[in-house]
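Here the structure comes first, spelled out in structure tokens, and everything after it is commentary.
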Amino acid sequence: MKYTKFFMSVLLRIILADKLKFSIENYTTSSRSSYFTTLKDTELIGYVVDHFDSASLLSCGQHCQNTAWCTSTNFKLSSMKNGKGTCELNKHDFSVNSQNSNLQNQLGVTFSHLLKGCLVTGCMNDGSCLSDMKKNTFTCSCKIPWIGDRCEIMLPAANGYEFSGNCPEVSGAVFESSCFFIIDIPTASWNYARWTCENYGADLAVIKSVNENNIILNLVANQPTVQALGVWIGLQRDFFPDYAFYWVDDTPLEYSAWAGSQPSSTREECVHTVTEGQENGKWNDNYCVLNGRVSPNNFPFILCQKSI
């Protein structure tokens, strides 16, 4: 019964996400967990990259699963005595659906579309399964404070943090009309760091001058528990239209204090400071979620800015 409920929930997500009206068939594989949606007597035209004899629809599907670029198959029944059919491996983006004009009626052919990511595994804790055009798959969009591939990891909240007057005496510093303060929780997610600041009527810090950066450098230096990855700051890459960095107040980056060779990759969208050696106080672009990339003890702390 529990497997039936699981399959039904997968089907419901498919219908909601892509309006696919296919039946689900489960294929086992040693390489990755995947499912296919199938249309019988239907063939996808124009995307075939490879074809070969195949003993069955199952065997055809397994070949697709073990081929990194394969996204769907056409399996043609055979009238030959050896009983083998023809397997065609297709390559395309995952937007192909039942309304695609390249899907044509063809007696004896079964079209099978490989499903990936959270369309198969699902998202936990009210996360949403969304298409990821860059990775050609589906990934979970998690609600704070949940992160992880399936929104299964809950980050700790900053409990008990209170202001003393206008700005924290130990972990805070006033510059002009702002209070900069550190919340000493190793935090994997830039979004969670920002959400934490917002809980205190603040936001991730916006640094627009060398003086502000020096204030923060001293603030971090006086926080002995800060690790090599320093603190998250309120700078993030905007992919559209120009892959440029913008602050959380929507202003473009002008003053910067990048560490050597940084920024290093357009895939690294978020920014934290560095606290080691000659790069101390400089900035580094990094992935916005560091789970599995960095030891949890080394996650950046949170640097907030609050108007006073």
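Keep in mind that glycine also has a Cβ here, set from the backbone N, Cα and C atoms.
Since the structure is predicted, the reported quantities are computational estimates derived from the model, not experimental observations.
The following features are taken from TrEMBL:
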DISULFID  CYS123-CYS140  disulfide bond
DISULFID  CYS142-CYS151  disulfide bond
DOMAIN    114-152  domain 'EGF-like'
DOMAIN    175-288  domain 'C-type lectin'
SIGNAL    1-17  signal peptide
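Cβ packing within 10 Å was compared across the disulfide-bonded residues CYS123, CYS140, CYS142, CYS151, and the lowest neighbour count falls to CYS151. In this structure the alpha carbons, written CA, of CYS142 (disulfide bond) and CYS123 (disulfide bond) are 8 Å apart. The DSSP secondary structure for CYS140 (disulfide bond) is strand. Helix first, then strand, then coil: DSSP counts for the domain 'C-type lectin' (175-288) stand at 24 helix, 32 strand, 58 coil.
Residues belonging to the domain 'C-type lectin' (175-288) score a mean pLDDT of 89 in the model. Geometry remark: CYS151 (disulfide bond) versus CYS123 (disulfide bond), CA distance 6 Å.
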